[in-house]
Structure formats: C-alpha cells, structure tokens
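Visitor: For reference, the structure I am asking about is given below.
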Amino acid sequence: MTLHWSLLLFIAIALVSSVAQAAVVEHTFNVGNFSISQLCQPPLIITAVNGQLPGPTIYAREGDTVVVHLVNTSPYSMTLHWHGVLQRGTPWADGPAMVTQCPVQPGGNYTYRFNVDGQEGTLWWHAHVSFHRATVYGALVIRPRGGAKAYPFPKPDKEHVVILGEWWNATVYDMERMAFLTGIPAPHADAYTINGKPGDFYNCSAPNQTAKFEVRQNGTYLLRIINAGMNTPLFFKVAKHRLTVVGADACYTKPYKTDVVVVSPGQTVDALMVASAAVGRYYMAASPYDSAIPQGPPFSDTTATAILQYAGARRKTVRWRPPVLPRRPPVNDTATAHRFFSGMTALLRHGKPSAVPLAVDTHMYVTVGLGVSLCQPEQLLCNRSAPPVFSSSMNNASFVVPKNTSLLEAHFRREPAGVYTRDFPDTPPVVFDYTGDESDNATMQFTTKSTKVKTLRYNETVEMVLQNTRLIAKESHPMHIHGFNFFILAQGFGNYDKRRAERRFNLVDPQERNTIAVPTGGWAVIRFVADNPGMWYMHCHFDAHISLGLAMVLEVLDGPTPETSVPPPPADLPRCS
C-alpha cells in the first residue's frame, strides 16, 4: 500500500512539474509602415512588425502556448502565418488569407493563440496576404523543454538566427497589384539580404548595412538558417568553415556535414559550426540558385554577405584586412542543390523506429508547374489582344481564393456552395511527357481557374507524387503544406516511374519536412497522415507562383471526438469587409 501511494505521489509530482514547465509566450505585433533607406535609394515606405526588419524573434519551449496580438496600423489588410506550426486544435490561427481567416483590416486586431506541442527547432512567421511577407517576417525558435542540454547534438556555446531575404527598391504591394492587373510577372529582387541587410557587395552599401556575428575561436555555434525570400532558393556558405546540419524544418536530422547549405523559400536548416579558423573576419554569403530550364527573365545574380568576426579580430592589422569570401556555387548548380536536398535522413531517437506510415489509403499524382491563361475580367490592364498571360497550376487547376468567405468558415458551417468545390483531381487530366524538352502538349499549357479542394477522411494516409512539368519551363518548386509535416520517400529527375521509384523508397529514416523543393524537371514522393481536421493550404512558396494559382487546399474532415474536430471560431475572428 505504501509503495502504491508513493508511486501515485511520484506521478502527481511529475505531472505538476510538466505542466509547470509549460509557459505562455505573449507578444504584441504592431504591423505598420515606416521608412528605410537601402542601397543609396531614397527612403522607402515599407510595412513591418514593430518597426523592425526582420521582425521580432519569438522564443518558446516545446509545449508552450504562444499568444500574439496582431494590431494592424498599416493601410493594408493583413494576416500572419506561423510557418511549420502544426496548429493541432487551432486551425483558426494558421493565417493564410481567405483560407483560414478573412484578413485583419486597417485599424483592426486579432489574437493568434496556438500550442507548440511535439515540435522543436527553427520555424518562422510571415504575412500571408499579397506580397507583404517581403518585409513582414521573423523567426520562431522552439527549444527543447529541457533546455540546451536536451539537444540531441553537442550543446552549442551560442545560437545565431540567420534570416535570408530579398529586397526591392519599390513598394511590394504596388508591385504585386500591377503584376495582377497586367498579367506580367513582378520583377526580380534588387538585392538579397541577411538579417535584413544586403552586405558589402552591392553598389553604395553603407557600413551599417552588413550584419555581423561574433564568435570565439573553437566555440561551437548553432546557426538557425531561414529562407524568408519571396522567389529565390539560396546557397549559403561561410568562408573557411564547414557546417553540420542537425535539423531541417524543425525536424532533427542525422548529422550531415557540408560546406554549402541550400535553402528554398519557406525552408529552415539548423547547422552546427565550429569556429576553428584563424582569428579573423570571414564572410557568410547567400547567393541565388536559379533552377529554371530554360532560364527566365534576368534576375539579381548577386551575393548578400554578413561578417563572421572572431573575438580578438578588432586589432588594426586584422580589422583593416578584408574578410575572406567563400567561393560560391554556379548560379545553376542543380547537382549541388539536389545532393543537399536528397542527402539528409531523419534522426531516430530513443530507439524508436520511424513513424512513416506503411499502408496507404489514397494515392495522388499531382503535376506542378507554369502555364498560361486568358486575361481575367478583374485584370483591367491586361492586353487582351496579346498572347495569353502566365498562370500556374496543380493538375491543371489554377487555384483562386474565395472573395467573401474563408474556406475554413465555409467548411465549419458546412456551407461549401459558392465558396469551393470538392473535385480536385487525384491525377492529371492528360498523361504526356511532363518533362520532355520537346513536349508537344500545348493544350495543357492552358489552365482552368477554380477553387477546388481535395477532401480527406480523418486519419487517412496519403501518398502524393509531385511531378514538375516543362510546359513553360522546368523549375524547382518549393511546395509547402500547412498543418502537416510529411515524409520524403524519394526524389529524382525526369518523369516519375512508379516501379523504379518504389525500389528507392526510404521507409526506415526518411527526412521529415513541411516544405520540399521538387527537383527541377523531376519528381518527389511524400507521405503523411491526415490527422489534423481543417482546411490546409498547399502551395508553391514562390510568391510569384502562388499568386498565379500554384496551390490547392486539403480539406480534412472531423474525427470521432470533439478533440479531433474543428472547434468553433474565436470571438475576435476577423470578418470579411
């Protein structure tokens, strides 16, 4: 009896201790306009959070509740998305405009509240309406509940958040609006940035426009690398230093040693770096990876830099010596990109096997790529006598968000009529040579505008082949799924061949991600369990492509209990104007 009560007391203390360790992490994000000068241009009005570029970093521990009060003092409609947060039980906090909520209007506010159970690593947050995420973004760092000593890798001496971005010498909202009205894609960025700063290799860069990171010789540092860029995958290197990747998209990986990290928009990488070089100054460099074949319009083939500065490197003889610059990969180095993307595997912990599901309920074969469409009625400046304008699609369905009701509200009310249809196709409408350079299926270039969703039963296991197409150009598309992580079973080039590919499936320790860079002119196979009820956006993380329709939505039906069902919307959920 004494042993019995002792055991109960121990369990009770453990439960109380566990609850006590969880905290509420609360922030107020004031989204407003302020002016900033970069690259010797006149002051530019940008939209940002709390007058910062990048915005504030949110630090939490696994199991914490995050509460963010969005106060919109900008002149634009606004939403925030918590990229990679699973949002189990909190689908109303996911953030994409007209998918899970109507935008917060100027002068309005909304409180995002969600939990980070079962997630550790680097995620991030960003605006999810128009092109505002070009300047409305920041890091979301989730540490283990047990602190740094609980990392499944050597404890770092310090951590650095490294956010890669893109910069335009223009107002991005006006740029996006003009692209829509004319049907002509928005221009490429004028510069790349590291922590909001372009660095030393742009004309007229000022000394205060280069980010700096302090290290001590032989120290170990955890770099939390985020590609918050709008449209460009980036190579990331540190001169004279090698990196050991230990995580990607807030999922631990087996240690992967490399001298170059490749991050597509939306992705994150956690990498350890030992400061083992001679005392001095070294450049971190972020340079573009252009995967398009044939290459499209000219883009900024430039390099953003930050300075890694060793303690003791302030002495004149060292300070006046220019930092060492790493050799950057060729801009079209697909081999290096593919080697990195396909080289990582999951870290299996505590002797547990991988959670990858082995039985599949639903198979989908989904083409992703560019196409064309006729001018839409709302495109008032579109040249209707010229050739068709650019579009993009998945299985030839070019996604259009609803105008008056968010998808999640229509789903919750069980009133889809007039808002969306449940007929997203499981396969392409026509089978053809998807990646052939001489593809003759010109009719498939024309896409159909629609708001189609794929409806899934609760707990259904889905295997999806993502197939790149060559109709306009082959290109690596970073495909992101809200509300889920997925396992990457295999990836390769050319047209997907089921028999050959299945022999290569990794069902033992496949990497787990929320965003996958589908190989240019190739394919990838992902698998996940639809155990999160709600309406979940799946889209290319090139904003130039999502605005053209390279998206769809997964509608996951309720499970058998209140805990496995979409809860009622919060009282302050914004209304559509």
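Even glycines carry a Cβ here, placed using N, Cα and C.
What Swiss-Prot shows for this protein is this:
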SIGNAL    1-22  signal peptide
CARBOHYD  Asn33  N-linked glycosylation site
BINDING   His81, His480  Cu cation 1 binding site
BINDING   His83, His126, His541  Cu cation 2 binding site
CARBOHYD  Asn109  N-linked glycosylation site
BINDING   His128, His482, His539  Cu cation 3 binding site
DOMAIN    158-313  domain 'Plastocyanin-like 2'
CARBOHYD  Asn169  N-linked glycosylation site
CARBOHYD  Asn203  N-linked glycosylation site
CARBOHYD  Asn208  N-linked glycosylation site
CARBOHYD  Asn218  N-linked glycosylation site
CARBOHYD  Asn332  N-linked glycosylation site
CARBOHYD  Asn383  N-linked glycosylation site
CARBOHYD  Asn396  N-linked glycosylation site
CARBOHYD  Asn404  N-linked glycosylation site
CARBOHYD  Asn441  N-linked glycosylation site
CARBOHYD  Asn459  N-linked glycosylation site
BINDING   His477, Cys540, His545  Cu cation 4 binding site
Visitor: Between His539 (Cu cation 3 binding site) and Asn218 (N-linked glycosylation site), what C-alpha distance do you get in Å?
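Guide: Here the two Cα atoms are 42 Å apart.
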Visitor: Do you know offhand how many angstrom separate Asn169 (N-linked glycosylation site) and Asn203 (N-linked glycosylation site) by C-alpha?
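Guide: So the Cα of Asn203 (N-linked glycosylation site) lies 13 Å away from that of Asn169 (N-linked glycosylation site).
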Visitor: Asn109 (N-linked glycosylation site) has how many other Cβ neighbours within 10 Å of its own Cβ?
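Guide: A count of 17.
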Visitor: Could you tell me which of these glycosylation sites, Asn169, Asn208, Asn218, Asn396, has the greatest number of Cβ atoms within 10 Å of its own Cβ?
Guide: Asn396
Visitor: What same-chain residues, at least 6 away in sequence, bring their CB to under 8 Å of the CB of Asn459 (N-linked glycosylation site)?
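Guide: Listed in sequence order: Val529, Ala530, Asp531, Gly559.
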Visitor: On the three-state reduction of DSSP, what should I expect for Asn459 (N-linked glycosylation site)?
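Guide: Where Asn459 (N-linked glycosylation site) sits, the three-state DSSP reduction gives coil.
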Visitor: Provide the number of Cβ atoms within 10 Å of the Cβ of Asn33 (N-linked glycosylation site), excluding the reference atom itself.
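Guide: Around Asn33 (N-linked glycosylation site), other Cβ atoms within 10 Å: 15.
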Visitor: Using a 10 Å cut-off between Cα atoms, which of these binding-site residues sit near His83 (Cu cation 2 binding site): His477, His480, His482?
Guide: His480, His482
Visitor: So what pLDDT does the domain 'Plastocyanin-like 2' (158-313) average out to?
Guide: 93
Visitor: When the Cα-Cα distance from Asn203 (N-linked glycosylation site) is computed for each of the recorded positions Asn33, His81, Asn332, which gives the smallest value?
Guide: Asn332
Visitor: Using Cα coordinates, what distance in whole Å links His482 (Cu cation 3 binding site) and His541 (Cu cation 2 binding site)?
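Guide: Per the Cα atoms, His482 (Cu cation 3 binding site) and His541 (Cu cation 2 binding site) stand 11 Å apart.
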Visitor: Between Asn332 (N-linked glycosylation site) and His128 (Cu cation 3 binding site), how far is it from one CA atom to the other, in Å?
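Guide: A Cα-Cα distance of 29 Å.
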Visitor: Only counting partners 6 or more residues apart, tell me which same-chain residues put their Cβ under 8 Å from the Cβ of His545 (Cu cation 4 binding site).
Guide: Asn231, Leu370, Ser392, His477
